[in-house]
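**Q** Just dropping this structure here.
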Amino acid sequence: MFSLGSWLPALPSLAWGWAVLDVLLQGESPRGWHGGGLGTSWGMPVTRCCLFPAGLVGACAVSVLCSLLKVYLYIQCLNDPERQAEKEAIRAQRRALEPLHVVVLTGVLALVGSRVAALVVLEFSLRAISTVLSLGKGAHSSQLYLLCQYSLGCGVSCGLSFLLEGAPHGTCNLALAAGLAGLLAAYAWRLARHVCTLYELHSRARYCGVCILLLTSSHGIPRLLQNALAVTFAMADLAAVALINRDFLSTAEAVRFWTPLTICYTLLVIYMQEEPRQSTSGRPVYQTVLVRMGGLFILLFTVGRWTDILHVLLSLLGELWCLLRAGVMLEACQRQ
């Protein structure tokens, strides 16, 4: 492939700038930029630059999930005369906060390291499998979809970072993915706004194609989300295991890390088995987040790095931010 510098004037003073642009376009670190460890190499700014598009894709995936779930819950509340207060609460959510939510979540996902993001993905996957098995065949939990918001963002950004690591024009691929994800998130947000504003009128008049489609098939939204999340987390789990194992130099070192991790995650899953049977207040959900991140903090404090500790704290902020943003829908799911 031709270098970008071959298309531009050969000025010696701008040679370093051409190299930087080549790095950003190809997703590679030029010769001599590699360092000894995470956060200590000259290639770190380039890595962070590539993580921002991946974080944006993850944040847009969370936005699409929330928008579709908002549509489903609004229609369910509209069809139930006893849940009109919940319907009005969902409609009254501030629309201006949606772009802020995406921006904040993008920043958190871009700053959290791939090691901690991979651990968050694996922990939620085990918790989701345990919850689905406890619900029984054919059942679903809308609350689980809201609890997976931050884990979904970590899974998407982690998977993209792993798949495009070192790929030619990796940054361009991430930029294209971020643009398409942003477009999809914008359309999902417009759909949620349209439903909350005009669905009640259009479903009666029967002249809006979108509302007629939702009138007949809105009950299939949970199944659609379940299948999409299953595929996403299956690929994210494979990327997470690969990202964690690449830091180990020997099998013994990997065993010393995976053994306490497996024990910690098993205890967390057993603890959270009682979560669906908790009271309808939102307090147990936030307590569960603190317990999960506290266990991960203690684990990485003993077998991790100091950067992992900071990333766990950022993950705690990301989890709480997602739950606070979806507080109204979370209450509607708990009362369902």
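Quick reminder: no glycine exception, Cβ is built from N, Cα and C everywhere.
Just lifted these from TrEMBL, have a look:
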| type | residues | note |
| --- | --- | --- |
| SIGNAL | 1-17 | signal peptide |
| TRANSMEM | 51-75 | transmembrane segment |
| TRANSMEM | 96-122 | transmembrane segment |
| TRANSMEM | 142-164 | transmembrane segment |
| TRANSMEM | 171-192 | transmembrane segment |
| TRANSMEM | 257-273 | transmembrane segment |
| TRANSMEM | 285-303 | transmembrane segment |
**Q** With pairs restricted to those 6 or more apart in sequence, evaluate whether the transmembrane segment (171-192) and the transmembrane segment (285-303) have 3+ C-beta pairs under 8 Å.
**A** no
**Q** Mind checking which residues reach the transmembrane segment (96-122)? Cβ under 8 Å, same chain, six or more beyond either end.
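**A** The answer is 38, 48, 51-52, 54-56, 58-60, 62-63, 150-151, 153-155, 157-158, 161-162, 185, 189, 233, 236-237, 239-241, 243-244, 247, 261, 265, 296, 300, 304-305, 307-308, 311-312, 314-315, 317-318, 321-322, 325.
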**Q** Any residues 6+ beyond the ends of the transmembrane segment (51-75) with a Cβ under 8 Å from its own?
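**A** The answer is 86-87, 90-91, 93, 98, 101-103, 105-110, 142, 145-146, 148-150, 152-158, 160-161, 164, 171, 174-175, 177-178, 181-182, 184-185, 188-189, 191-192, 195-196, 199, 214, 218, 221-222, 224-225, 229, 232, 322, 325-326, 329, 332-333.
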**Q** Where else in the chain does the transmembrane segment (257-273) make close Cβ contacts, counting only residues six or more beyond its ends and a cut-off under 8 Å?
**A** 119, 122-123, 126-127, 130-131, 134, 244, 248, 288, 291-292, 295-296, 298-299, 302-303
